[in-house]
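Visitor: Dumping the structure here so I can ask a few things about it.
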Amino acid sequence: MDGEVDAYELLGVAPDAGEKELARAYRVKALQHHPDKNRDKADAGRLFHDVKAAYDMLRDAKQRGEYDERRRAAAAKRQRQEAMSGQRKRMRAQLERDEREARSAREKAQQQRQQQTRDDAARFRDDARRDEERCDRQMRNHVRPADEAIDPGYASA
């Protein structure tokens, strides 16, 4: 019998099935999968063998107890993995949320830096324009008295 196939499912019985129910289910499945009755099915012999192995194992109290314990352990492991999968999903969602928030914060900071750069450039242009106007006024005020000293009629012209 394959380790992947559940003996109870193979026989079609509940895990708490009694001896009579096991025997009845075995007879039905054995007839259903017997190689002499299923010559056209290639896997009939394997299925028949699996049904026989499952029945033999479940009839023996010691083997059945060990099998039930392995089933319980496997079910507990699946449950832990599913719970862990849920925890991983939550952790992944939190990580993605944190990454989105960090990306948003970086973009906002970049926009603020760009705006600050534009504001600084505008302030620099205004300061440069004012300095140039001041220098022009000073130059005119300085040149005019010198021109008047050379040519007194310059101011009236």
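A Cβ is built for glycine as well, from the same backbone N, Cα and C atoms used for every other residue.
Residues annotated as compositional bias 'Basic and acidic residues' in TrEMBL: 59-72, 93-147. Summarising the annotation, TrEMBL assigns domain 'J' to 6-71. Annotation source TrEMBL lists region 'Disordered' at 59-157.
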Visitor: How many helix, strand and coil residues does the domain 'J' (6-71) contain under DSSP?
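Guide: For that range the per-state counts are 47 helix, 0 strand, 19 coil.
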Visitor: Per DSSP, what is the residue tally for the compositional bias 'Basic and acidic residues' (93-147) in helix, strand and coil?
Guide: 55 helix, 0 strand, 0 coil
Visitor: Limited to the domain 'J' (6-71), I'd like the whole-number average of pLDDT.
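Guide: That stretch averages a pLDDT of 91.
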